[in-house]
Amino acid sequence: MKRSTVVIRPSARALSRQASSQSFLLARSSALTSRQRRLYSTHPPNARLNLPIDYATTPLLAHTSQAALSNPELPASVRNGTTKRMNLFQAINDALSTALAEDESVLIFGEDVAFGGVFRCTTKLAETYGGDRVFNTPLTEQGIMGFAIGAAAEGMRPVAEIQFADYVFPAFDQLVNEAAKFRYRDGAGGRSAGGLTVRMPCGGVGHGALYHSQSPEALFTHIPGLKVIIPRGPVQAKGLLLAAIRSNDPCVVMEPKILYRAAVEQVPTTAYELPLGKAEILKEGKDVTVVSYGQPLYKCMAALKAAEQDFGVSVELIDLRTIYPWDKETVFNSVRKTGRCVVVHEAMVNAGVGAEVAAAIQEDPETFVRLEAPVARIAGWSIPTPLVFEQFNLPDVTSKCYLTLGLADVYADGMPRDIRRHQKGDEFLRDLSMNSGILKQSMLHSSRRGVDWLMGIVLDDIILSVFLV
């Protein structure tokens with residue numbers, strides 16, 4: 001039997017409406033000014049985003065065996081050993097394999113973990129150590145966390161993987177009211193979830209949008225009883241993850257997913273730990289302290305090099321590594337020396353890690369009296385991560401740094417024309433004063449349009465405090 005085809009044609013009335021609508025939109029578009037038409041654009045305005053990061057040459061990674069083994073935090077037995085070139089996910093895989101080999105109480109599980117995981121961090125672990133120690137779970141974060149807490153309470157050392165940090169929220173009740181409080185509830189002689197480690201990828205990648213690019217680390221820093229760790233590279237990832245697994249406190253290890261393949265360095269092949277709760281001074285300076293963690297450190301380093309070259313500003317860069325509990329002593333000592341501090345992170349600015357660091361600095365009398373300028377928080381907008389404009393929702397170090405300094409010619413609507421060297425002295429201050437009003441209006445205008453190109457981590461406060469205070 002032959003099948004008949006029914007063709008539905010639009011009525012004359014519908015066609016008339018469509019033509020009228022198109023005519024109206026065309027007339028409306030032609031009546032708009034070029035500035036108004038930008039509201040309808042699907043493309044963000046031209047902006048000088050962050051200076052390009054060359055992961056192959058950045059000083060934040062150990063590109064040679066000598067550099068990797070010269071780390072003073074490594075034990076002597078490791079410093080006399082060998083290294084292997086690894087990216088971040090390979091270093092995590094190596095740490096997990098080491099933990100499984102050394103301790104039979106270690107279990108690893110999560111969604112697609114037996115398969116190797118979305119980012120391949122658990123590749124071949126199930127084949128090597130067996131499906132009873134490395135296995136998949138149903139798609140239930142609350143169930144994953146509950147199982148992990150129960151296993152830890154029975155003396156195991158479970159490593160639970162949450163596929164994306166964005167997915168952890170159904171498990172939040174388990175983390176807050178069970179994992180973190182177990183020890184307080186049962187007392188010193190009771191059981192605890194101290195052997196628990198939770199891994200999760202976090203941060204933006206350029207196309208993750210609302211449910212795959214969030215940075216919720218500050219939420220975990222409000223939970224007494226947890227340790228929260230964010231590595232910046234493979235050497236750190238291996239050492240900090242092993243320390244977390246061996247720790248007797250429940251730990252949350254948040255891994256910047258954009259670094260899984262981008263960050264590559266020489267990693268010691270033997271087992272080692274890096275200290276939890278201890279920051280690392282990546283670069284010493286005398287004019288201002290920049291405190292950050294994870295992927296934004298690379299953007300900071302690129303911008304700081306440019307700032308030092310153009311203006312002679314000496315910047316001290318600190319990697320927190322553990323954001324809760326964080327290393328107050330290292331940060332305070334640095335700020336007492338420089339008199340200025342900027343805290344940088346990708347997560348939204350409100351109630352973030354930057355707020356805690358800034359408050360702690362001004363609450364410490366010995367540090368506060370040495371401040372030459374207010375502590376600056378430089379972070380993300382308090383908005384969901386957009387898909388099309390995600391790169392503009394991530395930290396833009398260079399653009400806003402140069403703009404706020406008055407180093408860029410500006411269009412009438414506040415967009416940068418070009419970047420140039422700027423004279424110092426009275427002319428510099430005069431131009432800076434004139435441009436500041438334009439830039440403030442530009443920022444408000446950009447925010448209203450939803451084109452958030454003046455985003456996030458910026459080093460304007462660094463240079464302003466150095467030149468103007």
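Here the Cβ of each residue, glycine as well, is placed from N, Cα and C on the backbone.
Keep in mind the model is a prediction, meaning the values are calculated, not measured.
As given in Swiss-Prot:
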- 1-40: transit peptide (TRANSIT)
- Tyr167: thiamine diphosphate binding site (BINDING)
- Gly194, Leu196, Thr197: K(+) binding site (BINDING)
Centre the Cβ atoms of Gly194, Leu196, Thr197, go out 8 Å, and tell me which other residues of that chain have a Cβ in range of the K(+) site. Ala148, Ala152, Arg157, Pro158, Ala179, Ala193, Gly195, Val198, Ala244, Ile245, Ser247, Asn248, Asp249, Pro250, Cys251
I'm trying to understand the geometry here, so how far is the Cα atom of Tyr167 (thiamine diphosphate binding site) from the Cα atom of Gly194 (K(+) binding site), in Å to the nearest whole number? 23
Conformational class of Thr197 (K(+) binding site) under the three-state DSSP mapping: strand
If one looks at the chain holding Leu196 (K(+) binding site), which residues at least 6 apart in sequence have a CB under 8 angstroms from its CB? Ala148, Ile149, Ala152, Arg157, Pro158, Ala160, Ala179, Pro250, Cys251
The number of other Cβ atoms within 10 Å of the Cβ of Thr197 (K(+) binding site), counted over all protein chains shown, is 29
